[in-house]
Amino acid sequence: MNARSLRRPGAPAPVRSVLFAALFLVAVHLGRLSVVDGAGPAVVWPAAGVAAAWFSVQRATSTRWSDRWLDVLLISAVTVAVNAATGAGAVLVVGFVVANLLQAELFAALRRRWFTPSVALLGTRQLAVLLAATTAACAVGTVVGTVVVALDGSPPDWTSVAIWFTRNWAGILLVTPVLLRLVLRVPVRWPVGTAATAELTAALAVSVLAYVGVFWAVDGLPLAFLPLAATIWLALRFDTTIVVVAGLVVATTTVLGTLAGHGPFAAVPDDLTRILVVQVHVGFLAALGLALAVGRDERASLVARLSAASAEAQAARAEAEHRERFAEAVLAGVGTGIVVSDPQGRLVTFNDTARAWHGLDADADLDPVQHAGTYHLFAADGSTPLTHAEIPLVRTLHEGRVSAAEMVIARPGRPPVPVVCSGRTVVGADGEVLGAVVAMHDLTDTRAREADLAAANARLAAHVAQVERLAAASRAVLTAEDPRRAVVAAAVEIAGAEAAYLLQPDGQGRLVSTSTTGLPEDLVLSLDLDGPTTLVVGSYLDGEALFVPDVATHPRADPRLIEVCGTVSGAWQPVVDAGGQVVGVLGIIWREPVAVLEPTTAAVLQGLAAEAAHAFARADLLARLARDAQHDALTGLVNRRRWDALARREIRRAGRHRTPLTFALLDLDHFKHFNDTRGHLAGDELLRGFSLAAGAQLRELDTLSRWGGEEFALLLPGCTAADAVDVVDRIRAVVPEGQTCTAGICEWLPGTEAAEVMAAADRALYRGKEVRDTTVVGSVLDVPAPAAGVPER
């Protein structure tokens, strides 16, 4: 049993310290009880064994005194307390503390050093080490104790010194092994089976009866023969733990019997001599029991190792036989051909695979020169016959090693077998070449995989090229000012076609071309969605891509489109937005026959259509955002930002062409009262209705803008102030809901800015509101400051 098989103490170190201290106190008390009347020394001293076990266990977890101060403190406290209670002086108390500490620590240190890595007794050598450690520790303790007693004024005689030594020695041998085995939880090998259990019971019973007979029933026997025989019996037959526990019980019985005046040792007249004899007897029995037990354990361990070695040898032989059979089976069933030859190149062995390839077995006893022709061996090209020197087996014999040598076995009437060969010579222990072995691996599947891989690489390259083209097309579509024109151009390039067109619904039940390429620029394609389900219309309505190699013969072909576009082969790819709505169909035209549309091309066209839908949505969104940024959300009229830009543009144009330009500012009368009495929704409807009605009175080049709230600005290029009065009167006449409006008019003069003109119109508006009733609005002309007003006419 090694150290790894033993368990470490389970309790924490402080808890173990307290428990050992309690046990040490009990052991000291028991030792004091064994003092013989008239003699100072105790018959036994189990405290020595407790202390040795205590410090051995604690030292196993830490060798630093800083971690074991509690152990030193507790053993010192118990020693001081007991000796002080018995009337010992200070010198004796201190000396006994030092003696106990040195004896326990020395034993623990020697045990840790000499017993590594074992903690349990395994043989006579370790028993000798245990005895040596015990002897050394007890010698030091005895010397210190003797010196202390002498310093106290009571020089001990040699018998007392011997008693001190032997009682501690016997205490360690009897108690320490028991405690260590208990604390370290060394497994006990209990008897197995009825016979063994009965034998243990009998041995224990004989031991008990022997000691009872010797020490109580029959006095006067000079030597304890029966107890000695019982100890030997137990030691030779049972576990060491049982032996050491039995030894402790025997020692206790011997001491108790002697103290009671019974047994062979009670007849010794001198107390000190009797104590010494008892201690020697107890120590002898303990050492004898341990010696016999560990000797038996050593023999058992040796026998176990020999049995294990024998079992391992048998297992190794069985494994070797199994490996041999397995190798033969593998050699027979492996897909690799194996060929073995002698040093002269004559074939010795074929495995099943090689035999199937060659057609003849190795025992055909062919001359090596005949191998190439007989076995139909060719070079890697499958057509050039191998020469004798080129055969991989022959090369192996000459070169010592061959690798990656290719050849073809082409038996008539059988598919050729391309193989790659690796071979090496087989050399004996004396360096003599015994032959050669060549392994041949079938390359048929490898060649097929290489062909498949080459085809896959070609397809991948084509796909990568298409993806790159799609990526380039996507970039062009997303960055183009006109994404629809970019889409049809990309479709032609991707498909290798001559023309393409994009048809989208116009909202009136027709598909109308929004962009074309490769077709006349003025050509506009238009298809009725309620008409015949042609190829184009069907693709749009079903949302499915179509490819037709010969369009002219297809029953759903549109003859008019074929004639206009010159279509021979065609493909139609629906353009579907993110919500699944078909927003158009992309037509691709080939004017030369195309038998098949490659899957990669079809996939790229599908991807292009998806990008197109995204690009169209993006472009339409940007257009709506641009329009929303320049128009009033309620009325749809241009907002003030757009008005400012248009006003500056018209001023520049009027200045270049020397044409009149008039600004007007209109305000709905009593709008707040209308809003408060009829509600804000009615007010919004009034604003929208006024915008529509006023816009209907204007030319296309005129601009009406919502200036703010119920105010509207009007820009009239080419109109004088008088002309503007007529326009404003028309607008006043169509104000909805019976409402009225007031207007201020100002004609632009060269050198003035839009803000100045609008300020003059605003002043005119408010003069009009001041001088007239709010329900009847007339045209009020305002004459602004020089270079900014409307001239009088």
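We count from 1, first residue shown onward.
Using N, Cα and C of the backbone, Cβ positions are placed for all residues, glycine too.
Summarising the annotation, TrEMBL assigns transmembrane segment to 70-102 (among others).
TrEMBL lists 127-151 (among others) with the feature transmembrane segment.
The transmembrane segment feature in TrEMBL is assigned to 163-184 (among others).
What TrEMBL lists as transmembrane segment is 243-263 (among others).
For 275-295 (among others), the entry in TrEMBL reads transmembrane segment.
Mapped onto DSSP helix, strand and coil, the domain 'GGDEF' (659-780) counts 58 helix, 30 strand, 34 coil. Annotated domain 'GGDEF' per TrEMBL: 659-780, in sequence order.
Residues 48, 52, 91-92, 94-96, 98-100, 102-104, 106-107, 110-111, 114-115, 121, 161, 164-165, 168-169, 172-173, 176-177, 287, 290-291, 294 of the same chain lie 6 or more positions beyond the ends of the transmembrane segment (127-151) yet place their CB under 8 Å from a CB of it. Within its own chain, the transmembrane segment (70-102) has Cβ neighbours under 8 Å at 13-14, 17-18, 20-21, 24-25, 28-29, 32, 47, 51, 54-55, 58, 137, 140-141, 144-145, 147-149, 151-152, counting only residues six or more beyond its boundaries.
When pLDDT values are averaged over the domain 'GGDEF' (659-780), the model yields 88.
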